[in-house]
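Student: Attaching a single structure in structure tokens format; questions to follow.
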Amino acid sequence: MNTSLIEQDSPLDSLYLALGQCFGIIICGYIAGRLEVITKTEANGLNTFIGTFSLPALIFLSIAKLDFLKVNWKFLLAVFIAKSIVFFVVLIISIISTRPSNFGRSALFAIFTTQSNDFAIGYPMINALYGSSHPEYSAYLYLMAPISLVALNPIGFVFLEIAKRHQGAVNNLESNNIDMFKAIVKGIAFNPVLLMTFLGILGNIIFNHNLPTMIQVLLEVFGNAFSATALFLLGLMMVGKIHKLKGGALVIPGILILIKLIVLPLIIRESVIFLSPGDNVTETSDLSTFGFLYGTIPTAPALFIFTLRYNIDIDLIASAMVVCTFLAAPLIFISAKLINAIGSAGSPVDYAEQLKVFSLDTSAASTTACLWLLICFIIIKRKTFQSETHRCTLCLILAQFITGVGVIIWARLDDNSIGTFVWYAQFILITLGVYASRFLTAAIAITLLFLNCQTTAFIENLQKWLLIICWGVPVIIISLICLTVIPVTPTNNELNNPNFQFGRVQVAVSILILVFCFFVTVGCLVLRQRYYERNVTLSTYSNLSSLVTNSGGLSTGRNIVDVEDLLTTTNRLNSSGVNLNDCPNELCGTNEDHDCNRHCQLENENETETLDDRQVLRHLVLLILLLCSMFIGLAMSVATLIMEQMTGVYTELAFLDVALVFGQSLISFGIFGLDPGLGALSYWLRNILRKCRMEKELQLPDEDSLSPEVKAFREQFRRCYLLKCQARIAACRRHLLRTYTGVFTGSDLVSWLIEAGIASDREEATYYGRCLLDSRVLNHIDSTQHFYDRNFLYTFRG
């Protein structure tokens, strides 16, 4: 970016331009990849140039010119402690929540939540915001990057190598351990980024942070090429990743993104405040704010290289990186805007009034959402919402409704009404609703846990006691507070927060409740995941044993598989080399469609309906978002308890806490409120969309337009592979409201082409699939889509 432009504009204007610059280049890279202007091979060349030449040169130049006497090493220690806490917590929870433990995946998750894109995105942002007031902050990025690269990532590499070793056959354990150790040491020693970090420190000492002109000019040429190239490459990597984030695939990326963009920044901020690295309160406050902004920088693209190298969760990590990058932009901008506003103008009184208005607006919308949800739960689908999970959810919505009503009353009161009957009424409503919602969150997690390991009768008996505790404990706590504590009149220097109307006593009580409910919820989710994976493993072995036992004959019964469920079932079972299609391939050939039509039926409808009624996945998403609300509430409570001065981050926390506490029913509405009662409308819209797609039938090239290579491949496939492929992947499957026979997904065909040795990777297999569709060997079920490596349904032509 032009230096003169930065000097003339305000920090916010510069930040806005930097955001536009960064994400504009990312979008250009995405367009280039989508239009195939740059191929995958060419993108690998860009990645090699960035990682081997441009970035190392930039790191060496920045560190060699840095004056270490001006570096605040205590601040760097605080960042290191915060990153280490997040790294090891994510690593340990990921390991213990999976059975069997997946060390490689856990290591990738830990690296994802701690390694920031310090240079391509972080440097322009920090330089735009602090270039004039604290220019040394930008240079800190080159010292904070090695925290991950030198200290934490090698630990992750150890676990990745362990996972890689476990995947293969181990003949000599001692030799493999030695080889693993050598590979890790070699990878650390010859990493260009780490090597240049060390050489940069050495060059700083030798040249006294004044490089010779010839060296500086040469390195500046390489360094200046980094930002645009790295951002463009990040856009290239995004191609084909977004569509994979659907249904249950959203859960893990969502958790990782929340930890990276919210948990890590808050922990860095609190760590800086705890160590107090500044010479005075103002400097410490500035460093804590800078640490918070640094934590919001999205994950570095280098992590994607690790996933490719170890072949672990490539699509999941890539998709999470895409979403994390674009969600970071508004978070950075809003944080910077609040920081600048608090530092330059607004008074606490102004923001207290704004918080009051925001609380009223949020509660009004929340109360409306609660009314709709109560109608959905009690009237529209009364039978469905009598399941074990929805009993707790109904109580949660009722608690959210009580909170909303209380806040609406609170917003209409003034300071003179403190201690009156109406004031106590609104306090009881708000506090009862908030505390009950925290306990009910833990109750939902306990219910989901016991659904995997106990009977329905046990859960129903347990829920009676859980609901008594969830409502009874808050009532007792509120009674004690009202009888023993005198209400506190807010001063002009405090934000008038309805969550803390009794001052520090209520803050301390809130912290205890939040810590208890948070750890209970997290613990139940971890245990539930372990029970779930154990049950899946046992079910898989049971299915395999059944197949071996019944291998002498064919079963005529068959199931219909929803297209949306294919990835979660077939991918896991096909890896064993055993064909577990729900429709036996020998009965699903194109010559026997009439037989498949006669046998296709739903299996165990009662069990399916019971599982759907519980809506376990939706409740998991709800718990994750409520955990985020509890974490923000805990951070806000701690900040209020220590009575730190009001900064931009504190104000942001206050507004975010209000949104996530008083707006909880909006989260519930998004998860549950759009489902009941809208089935007919959804069916009508799907029919309209289907008709629109039918009117736009795909136009295929004429026979004469096909290249000789395509024709030759078509003939070879028909002659040598068609029957084998058809017998392997064709099945009965249901899409929306229709059942199709002898069909398969694009992903199925791509996987089979690779297994058969026809294609070397999924990109080449997709190309062959498009050739088969162009040459009319296969076609889309509605003739509206070309061939893609996705869950679109195709069938072979007769």
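From the backbone N, Cα and C atoms, a Cβ is placed for every residue, glycine too.
Sharing the features that TrEMBL gives for it:
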| type | residues | note |
| --- | --- | --- |
| DOMAIN | 733-798 | domain 'DEP' |
| TRANSMEM | 45-63 | transmembrane segment |
| TRANSMEM | 108-126 | transmembrane segment |
| TRANSMEM | 138-162 | transmembrane segment |
| TRANSMEM | 183-207 | transmembrane segment |
| TRANSMEM | 213-236 | transmembrane segment |
| TRANSMEM | 248-268 | transmembrane segment |
| TRANSMEM | 320-342 | transmembrane segment |
| TRANSMEM | 362-380 | transmembrane segment |
| TRANSMEM | 423-453 | transmembrane segment |
| TRANSMEM | 507-527 | transmembrane segment |
| TRANSMEM | 620-642 | transmembrane segment |
| TRANSMEM | 662-685 | transmembrane segment |
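What does the local environment look like for each feature on the list?
Tutor: Among residues of the same chain six or more beyond the transmembrane segment (45-63), those with a C-beta under 8 A of the stretch's C-beta atoms are 38, 119, 139, 142-143, 145, 192-193, 195-197, 199-201, 203-204, 211, 216, 219-220, 222-223, 225-226, 229-230, 232-233, 236, 302, 305.
Under 8 Å from some Cβ of the transmembrane segment (108-126) lie the Cβ atoms of residues 1, 15, 18-19, 21-22, 55, 58-59, 83, 86-88, 90-91, 94, 137-138, 141-142, 144-145, 148-149, 152-153, 156, 160, 226-227, 230-231, 234, 252, 256, 259-260, 263-264, 290, 293-295, 297-303, 306-307, 310, 312-313, 317, 320-321, 325, 328, 332, all in the same chain and six or more residues away from its ends.
Away from its own ends, the transmembrane segment (138-162) comes close to residues 59, 62-63, 66, 71, 75-76, 79-80, 83-84, 87, 91, 103-104, 106-108, 110-111, 114-116, 118-119, 122-123, 126-127, 130-131, 180, 183-184, 187-188, 191, 193-194, 197, 200, 290, 294, 306, 310, 312 of its chain (Cβ-Cβ under 8 Å, at least six residues beyond either end).
Within its own chain, the transmembrane segment (423-453) has Cβ neighbours under 8 Å at 388-389, 392-393, 395-396, 399-407, 409-410, 413, 417, 459, 462-463, 466-467, 469-471, 473-475, 477-478, 481-482, 487, 498-499, 501-502, 506, 513-514, 516-517, 520-521, 524-525, 527-528, 531-532, 535, 614, 616, 619-620, 622-623, 626-627, 630, 661, 664, counting only residues six or more beyond its boundaries.
Below 8 angstroms of C-beta separation, residues 250-251, 254-255, 258, 262-263, 266, 270, 273, 393, 437-438, 441, 444-445, 448, 497, 499-500, 504, 507-508, 510-511, 514-515, 517-518, 521-522, 525, 650, 653-654, 656-657, 660-661, 664, 667-668, 671 of the same chain, each at least six residues beyond the ends of the transmembrane segment (620-642), sit close to that stretch.
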Student: Quick test of the contact rule: Cβ under 8 Å, at least six residues beyond the ends. What residues does that give for the transmembrane segment (362-380)?
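Tutor: Non-local partners: 390, 393-394, 397-398, 400-401, 403-405, 407-408, 411, 658-659, 662-666, 668-669, 672-673, 675-677.
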